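Record features, source Swiss-Prot:
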DISULFID  C112-C184  disulfide bond
CARBOHYD  N6  N-linked glycosylation site
CARBOHYD  N19  N-linked glycosylation site
TOPO_DOM  1-41  topological domain 'Extracellular'
TOPO_DOM  67-79  topological domain 'Cytoplasmic'
TOPO_DOM  100-113  topological domain 'Extracellular'
TOPO_DOM  136-153  topological domain 'Cytoplasmic'
TOPO_DOM  176-199  topological domain 'Extracellular'
TOPO_DOM  223-241  topological domain 'Cytoplasmic'
TOPO_DOM  266-283  topological domain 'Extracellular'
TOPO_DOM  307-350  topological domain 'Cytoplasmic'
TRANSMEM  42-66  transmembrane segment
TRANSMEM  80-99  transmembrane segment
TRANSMEM  114-135  transmembrane segment
TRANSMEM  154-175  transmembrane segment
TRANSMEM  200-222  transmembrane segment
TRANSMEM  242-265  transmembrane segment
TRANSMEM  284-306  transmembrane segment
Amino acid sequence: MAVEYNQSTDYYYEENEMNDTHDYSQYEVICIKEEVRKFAKVFLPAFFTIAFIIGLAGNSTVVAIYAYYKKRRTKTDVYILNLAVADLFLLFTLPFWAVNAVHGWVLGKIMCKVTSALYTVNFVSGMQFLACISTDRYWAVTKAPSQSGVGKPCWVICFCVWVAAILLSIPQLVFYTVNHKARCVPIFPYHLGTSMKASIQILEICIGFIIPFLIMAVCYFITAKTLIKMPNIKKSQPLKVLFTVVIVFIVTQLPYNIVKFCQAIDIIYSLITDCDMSKRMDVAIQITESIALFHSCLNPVLYVFMGTSFKNYIMKVAKKYGSWRRQRQNVEEIPFESEDATEPTSTFSI
């Protein structure tokens, strides 16, 4: 997968560069894509900076609270924690791609491979953990709640998700390199046919979008039906959260995967022979994948901050921090009269 606007997942040959999405050596006329590169130099660094700041703040808060304050965790807590970790690692690759868009790849061949693989691992694992959360919410609402806490199966599922994502990143580790134009791009041996390239593209779409989406859609649909039938409970807030989660997933992920699928079809049948159309496809992949990765910034809001208990806990932490600041000021003013006033930490649930 990797960042396709900086390094296409179509696995083009050596003569391709950063934003080229087709090997135009097969055509009589060379397609010059200077406008696409200029757009990338402006759009990508600006968008990545915004995504990095917002995503780092939200996901770091989630990880810190789960790691240091909430010791007793449910299955959903474990999935959300893994999701936040995946989102953080994904966000940490963005500064490298921002520099790559402007100055080219300056960190060498090994870092090109590692950064590309990290992007794929955490993008794919994030989508899978979203599916895990929906499955757990389905079981929590429609079946009898488990009394055993997290349990071994939950950790096995997390392990399998990470392993699957790592396996999907193998093409990045093997084929990504720095070309003669200082771009971190995939360079495949010539004997690998278009069917192999398209197969990898389709596999990424299936694992990174179709499978998680189908799981989420089915689980949340059944969960919503069950909630509606339940008497004497407040239904508006849970249903609103379910609806928001599904809509945000569709809005952020569907456009990118549609463009990605069009690329895969073009790899097989070479449908795009017009230079202007190829440029529009390149810009489309830049914009849609940026929107797709922005989902990592929204996950803390959708899965954590919308929970009343979590918001209450944040308020308690803020009050405790304010009390600590006032105490520090009193210590500086009247050090011999200071006391260590503490407040017990309470747990919360999603």
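In case you wondered, yes, glycine gets a Cβ from its N, Cα and C as well.
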> Apart from its near flanks, which chain residues at least 6 from the ends of the transmembrane segment (242-265) lie with a Cβ under 8 angstroms of it?
Replying inline: 4, 9-10, 21, 127, 130, 134, 198, 201-202, 204-205, 208-210, 213, 216-217, 220, 223-224, 227, 271, 281, 284-285, 288-289, 291-292, 294-295, 298, 302-303, 306
> Looking at 42-66, 114-135, 154-175, 284-306, which one has the highest count of Cβ pairs under 8 angstroms to the transmembrane segment (200-222)?
Replying inline: 114-135
> What residue among the disulfide-bonded residues C112, C184 has the most other CB atoms lying within 10 A of its CB?
Replying inline: C184
> Are there residues at least 6 beyond the ends of the transmembrane segment (80-99) whose Cβ is under 8 Å from a Cβ of it, and what are they?
Replying inline: 3, 6, 44-45, 48-49, 51-52, 55-56, 59-60, 62-63, 66-67, 73, 106-107, 111, 115, 118-119, 121-123, 125-126, 129-130, 133, 158, 161-162, 293, 296-297, 299-300, 303-304, 350
>> Within the same chain, where does the transmembrane segment (284-306) have neighbours whose Cβ lies under 8 angstroms from its own Cβ atoms, ignoring anything closer than 6 residues to its ends? I mean 6 or more beyond.
In response: 3-5, 8, 19, 21, 36, 39-40, 43-44, 47-48, 51, 54-55, 58-59, 61-62, 80, 83-84, 86-87, 90-91, 94, 123, 126, 130, 133, 241, 244-245, 248-249, 251-253, 255-260, 263, 314, 350
> Mean pLDDT, the topological domain 'Extracellular' (100-113)?
Replying inline: 91
> Do you know the DSSP helix, strand and coil residue counts for the topological domain 'Extracellular' (100-113)?
Replying inline: 10 helix, 0 strand, 4 coil
>> Using DSSP, what is the helix/strand/coil residue split across the topological domain 'Extracellular' (176-199)?
In response: 6 helix, 6 strand, 12 coil
> DSSP says what for the topological domain 'Extracellular' (266-283): how many helix, strand, coil residues?
Replying inline: 13 helix, 0 strand, 5 coil
